[in-house]
Amino acid sequence: MNFLVSILLGIIQGISEWLPISSKTQELIASHYLLSLDVSIAYTFGLFMEMGSIGSALIYFRQDVKRVFHDKFLLKFLVVVTALTGIVGVPLYVISDKLLQNAYNPSIPMIFLGIALIADGIYIRYSRSRTREFKNLSTKEMILIGIAQGIAALPGVSRSGMTVSTMLVLGINPEDAFHYSYLAYIPAAIGSVGTTLLFTRHHISYVVSLIGIDGIALAVISALLTGLVVIGFLLKIAKTKKVYLIDFMLGGIAVLVSMLGLIIS
């Protein structure tokens, strides 16, 4: 495999995982065209590459990871959200694998997500009562966040887009919404990789034989390093009052790209 392609795929993963766009879809499209992978194989490869993003999150949020077992509220949040993510996400992952084998078009859910992001940006821009902190979340609200994250198992649906938007709509301030959405990603992504190993081992064997361990390792490292930069950048923006601009921009991009995808297909 061309090492430049490995680096490019890693960069795509490292950027798209933390933006409110579907990293699975971006990796699916890129690996499909750059490596001529079958769509379902490309989807498996995208999930396999999440190891790089997991590494980014573990490094960036290492202090939060250390305090999980000393902070009962944070532990409860991660347990509840991860449990609901698994309950909702695992069946949807199995369904997704079938959908991708039957010409499923991920542009459709991306359009709805783009519209949701634009609406969320409008809400953030004109709301004057967004003062709640993460520690004020109720158990029911944690369940909603877990369900939202589980739905992101579907191709075309962004995990960070779903969780961040849900937390913002619940009134959580943008800085906390982005921060704890990214933290909740860690156990969910580990579970996602585990599910991939369990249900699509034959796909993974094919990907390894086609791309090679060195190519995969390079892509994972590239995703990890890119992710560290992107996480830091987005969290800095989330501290400002301009976070709604991210929603407007990415929502518009998601809608335009998805409509272009529908026209081409």
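Including glycine, each Cβ sits where the backbone N, Cα and C put it.
Under the heading transmembrane segment, Swiss-Prot lists 41-61, 75-95, 104-124, 137-157, 180-200, 215-235, 244-264, citing sequence analysis as support.
It is 75-95 that, among the stretches 41-61, 75-95, 180-200, 215-235, 244-264, forms the most Cβ pairs under 8 Å with the transmembrane segment (137-157). Among 41-61, 75-95, 180-200, 244-264, 41-61 has the largest number of CB pairs under 8 A with the transmembrane segment (215-235). Scored by C-beta pairs under 8 angstroms, the transmembrane segment (41-61) has its highest count with 180-200, from the stretches 75-95, 180-200, 244-264.
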